[in-house]
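Residues annotated as transmembrane segment in TrEMBL: 48-72, 92-111, 168-187, 193-216, 275-295. Marked as domain 'ABC transmembrane type-1' by TrEMBL: 52-302.
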Amino acid sequence: RARTGDEPLLRVTEPEAQQPPAQRVPDAITGRIASILEFYQFATKLDVALLLLAVVISCSAGAAMPLMQWAFSRTIGSLGSINLNSTGIDNSNILLFVYIGCGSWVAQFCYRSLSDISKSRQLTRYRKEYIKAIVRQDPGWFDLNSPQELSTRIGEAMTLIDGGLGSNALQLFELLGGGSAAVALAFSFEWRVTLICLAVSPLLAFSFALFTRVLARSTARIQDAYGRAGGVASEALTAIRTVAALGAEQSFQQRYEANLAAAERVGIRSTVCVGFARGLLLSAGSFMIAAGLLYGGTRLAAERRASSFAYSAQTVLGELPYCVPQACSAYAMETGVPTNLVYPLQLPIPGRHLPPTPPIGPGGTCEEAGLKPLRLNCDSLAKANLTLLAIAGPAAEREEAHEHGSYFPCGLLGVHVLLVIMLVQTASQNIGRAPDLIEKLVKARRAAHSVLETIRRRPFIDSFAEGGLVPTKPASGAVEVVDVHFAYPAAPAVKVCCGYSLSIGAGQTVALC
């Protein structure tokens, strides 16, 4: 109790002066997790606006890869239907790739820039408040938290928070946007094949997540194992004179070799685990391709058979069938190219010598002449060579198919099956990459909880507080300590002061020991 005249400037008694407990700073690696609102509590309205805009742009940036795959399949599909009269390449496909590339570049630049700007602003506030909170703490807090470790703790916590606030965290939305766009495109082309591929996709996603996790943990374990061996070597080299004086070279050598052996075992186990995860990752993609191709090929074959019809021409004499020789029927039926066609009268083809065949009259059949009918389907009608049959252009092909009870074009194309498989693979890989990013975000929120716990702690004697009693004139009275009980926070069971009292008169000099 210090007195200024007759009034006490400060009175401290046991019940009223409950000091907030001095606790060790929570571990930034294994501590509790801060909520999303707590994690972003230093974000201003501008920071929130930047983040929301970056989230939207990141989703659109993720859709670039599925769009690129769609453009690639569109280009592949057009390669098989090039008009022989064309004099150049279709520039629309080339421009499509250019547009998608430019859009992806702009989206990546915008969302990463916006998120990093917001991150830098929030991280600055985190640092300022954290340093301010550390400086304002009382000596009891520093008794539990070594000042020599605080710089390392600050750097470690800020690095983890940086990883959760920046563009790395928004990659989750990029993966989400890319995966959603890929699945949506796949369903729009062929929903049945998409469902079959999605049934196998969890294996691919699991293998990708397993590979990234095993690779990261294996690297950390190997570094830790070799770090312990390096610590033994560093200890021996630092005190080499003491080691030589005590003749402890053999002991240090044995310790170093034991740690090296442990590091070797860790490396072997890690290599086996990484190899297993890599093999599972590579094989899972093959399993998905096999399932998609098996079902897609079955669907393609079924549609070709369902749309197949025997081609014939209507003339004034009646319906005349188109026929092919037995040796060429397989090729003609598979490709739709009318090789060695036989009309009612022999059709001469330059450079090709045909065997004599009997003419087929109206109402006759190809079998009567020892031939097979030329069968077309929704796919073979689109071949450019069918102009020999006077079927030119989509309108004529659609009309011809309708007249023969079929349809054109096909509902399912081979390029669609391949596109669906690639799109579902992209979505599965995005899902597989998500756990690694989620783990980084969890570590950042855990580090933020550690920092916020220190920031929220207000010591009883707060050097930054502006309230309280302020002396109006210098203190000149006696100093009196009455019934003080005290123990250091590091050893609360050991009482240093048990009912300690002391009275010092004005102007008196006292030495405490």
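Using N, Cα and C of the backbone, Cβ positions are placed for all residues, glycine too.
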Ranked first among 92-111, 168-187, 275-295 for CB pairs under 8 angstroms with the transmembrane segment (48-72): 168-187
Residues of the parent chain within Cβ reach of the transmembrane segment (193-216), under 8 Å, 6 or more residues beyond its termini: 183, 186-187, 270, 273-274, 277-278, 280-281, 283-285, 287-288, 291-292, 295-296, 299, 416-417, 420-421, 423-425, 427-429, 431-436
For the transmembrane segment (275-295), sequence-distant contacts whose Cβ falls under 8 Å of one of its Cβ atoms, 6 or more beyond its ends: 192-193, 196-197, 199-201, 203-204, 206-208, 210-211, 214-215, 417, 420-421, 424-425, 428
Long-range environment of the transmembrane segment (168-187) - Cβ separation under 8 angstroms, sequence gap at least 6: 54-55, 58-67, 69-70, 111-112, 115, 193-194, 197-198, 419-420, 423-424, 426-427, 430-431, 433-434, 437-438, 440-441, 444
